[in-house]
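What follows is a set of notes on a single structure, which appears directly below.
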Number of protein chains: 2
Amino acid sequence: MQIGVVAPGRPIDEKVAAATSAFAALAFPTVDLSFHPQCFMEDGHFAGPDDVRAQAFLEYANDPQYDAIWFARGGYGSNRILDAVIPELGTIAANKMYVGYSDMGFLLGALYARRIGHPVHAPMPIEIGRKDNGVCIGRPLEWMVARDPRALEPGLDGRPSVAFNLSILTTMIGTPWLPDLTDHVLIIEDVSEPLYRIDRMLFEMANATQLKGVAGVRLGEIVDIQENDPPWGETPEAMIERWCADMGVPYLGRARVGHSADNHVVPFGVVAA
Amino acid sequence: MQIGVVAPGRPIDEKVAAATSAFAALAFPTVDLSFHPQCFMEDGHFAGPDDVRAQAFLEYANDPQYDAIWFARGGYGSNRILDAVIPELGTIAANKMYVGYSDMGFLLGALYARRIGHPVHAPMPIEIGRKDNGVCIGRPLEWMVARDPRALEPGLDGRPSVAFNLSILTTMIGTPWLPDLTDHVLIIEDVSEPLYRIDRMLFEMANATQLKGVAGVRLGEIVDIQENDPPWGETPEAMIERWCADMGVPYLGRARVGHSADNHVVPFGVVAA
């Protein structure tokens, strides 16, 4: 299986590619990982200018040689190529998995909105750095290579599901990039925010006209919470229960999804049994 | 003129009220400032629980004794009382000015969306702390008391205008709280964000279906910019020009609005000549 790696947001170091390839060669010998040279480019905040990142993504997505596209890492930027890439994806691109999370949620969401390919919320190559013997980045590989159900988030229940970083989800709200999530279980997670900002984003989620039809919300991890002055005094779970009540949708419990080594795979939509 | 002060977000100290009242007594002798005791309450992050803040606002807004409502300060929280207060505002409330900015943009926006009263983007009592002899907080008083045009943002040009903190504007996008801004000049400002987040919010603004009809965008101050690693390498003005081009609306230049002593008054809508 050939997996093409591109970086629509920020760059990775060549060492990350080497370590991920070495791990994959041992643990997934049928996998051939190809890191696009664009992954290592640096242009200020980004892994190359917008047009270069867009072209790298289109090159791999539209190439029949690659069975799946794996995003190298998150970090702000994938939203800036949506206009350039989404209309240029052809029939080859329409049959692939697109795998990543965090900022890459912009692409996963836009692809899902247009019914292009199979977006998958899952760990990314940069997480080889977790020093967990590849347990974390092994999950997307298990899913891409063998649809191994052990890689899946254990609470997926047959209903269509999606997972998003809350900051990315709320940025898409009110734009044509947000997919129709009617009847979907919505899993959210976030990282490095103070709780007042989490609350403000949950307000937008709970009040969003486009999200009125979701089946329910599950809470992934909220990690590296930044200081709130004064202390917020409420857990993320209490917050989401409160906002789900406001939203009029059920809170469906925790999910093993987020910016941690426990991040599990959530294929967008219904997972075939 | 009687002005009622409430704090829908975070609290102020009684010293702020005393100093603001002393300044107003000297500079605006016809003004009677009444600080609701709720302004000084503390409940974790907020100036009292949601229901207490909502009741204080409703009490003053619906009381014919007060000619205008002045918000004591910003700080997260006014969004949490919208559901409770907006439907309860009566005919008395519909004739008042509502004056503030930053987080108070949630209330200004919701009031403007429902055509209730006269929302005004302007400095707040807590800014007595600027030690500028009241120049900053004098502007909203000049406007409330005498409609003094010298208090106005100098670029208002007869077209309907609004001003918002970008973080608050983007949080309202996609919700029923965002007013219809068709044909409006939209002024934005922000504080204490790294530039990648400003860019991400400008993406949401530029892609928002609800904002497709704005007449143009003006850039207020972007202050206390947080470090971007690596450096962003682009000025806020270059950013907004780029996103306005994406949005297909004219960039109309800078505006003297923002989290600084130069913050001028922007009455929502058209300012009567």
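The count begins at 1 with the first shown residue.
Cβ from N, Cα, C; glycine included.
What TrEMBL says about a protein is an automatic prediction, not a curated fact.
Pulled from TrEMBL:
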ACT_SITE  A:Ser102  active site, nucleophile
ACT_SITE  A:Glu189  active site, charge relay system
ACT_SITE  A:His259  active site, charge relay system
DOMAIN    A:3-114  domain 'LD-carboxypeptidase N-terminal'
DOMAIN    A:165-272  domain 'LD-carboxypeptidase C-terminal'
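Secondary structure at A:Glu189 (active site, charge relay system), taken from DSSP and collapsed to helix, strand or coil, is strand. A:Ser102 (active site, nucleophile) falls within a helical segment according to DSSP. For the active-site residues shown (A:Glu189, A:His259), fewest C-beta neighbours within 10 angstroms: A:His259. Listed in sequence order, the residues of the same chain lying 6 or more apart from the residue listed as 'active site, nucleophile' and placing their CB within less than 8 Å of its CB are A:Gly74, A:Gly75, A:Met124, A:Asn165, A:Ile168, A:Val191, A:His259. DSSP states for the domain 'LD-carboxypeptidase C-terminal' (A:165-272), grouped as helix (H, G, I), strand (E, B) and coil, give 35 helix, 26 strand, 47 coil. With DSSP states grouped into helix (H, G, I), strand (E, B) and coil, the domain 'LD-carboxypeptidase N-terminal' (A:3-114) comes out at 56 helix, 18 strand, 38 coil.
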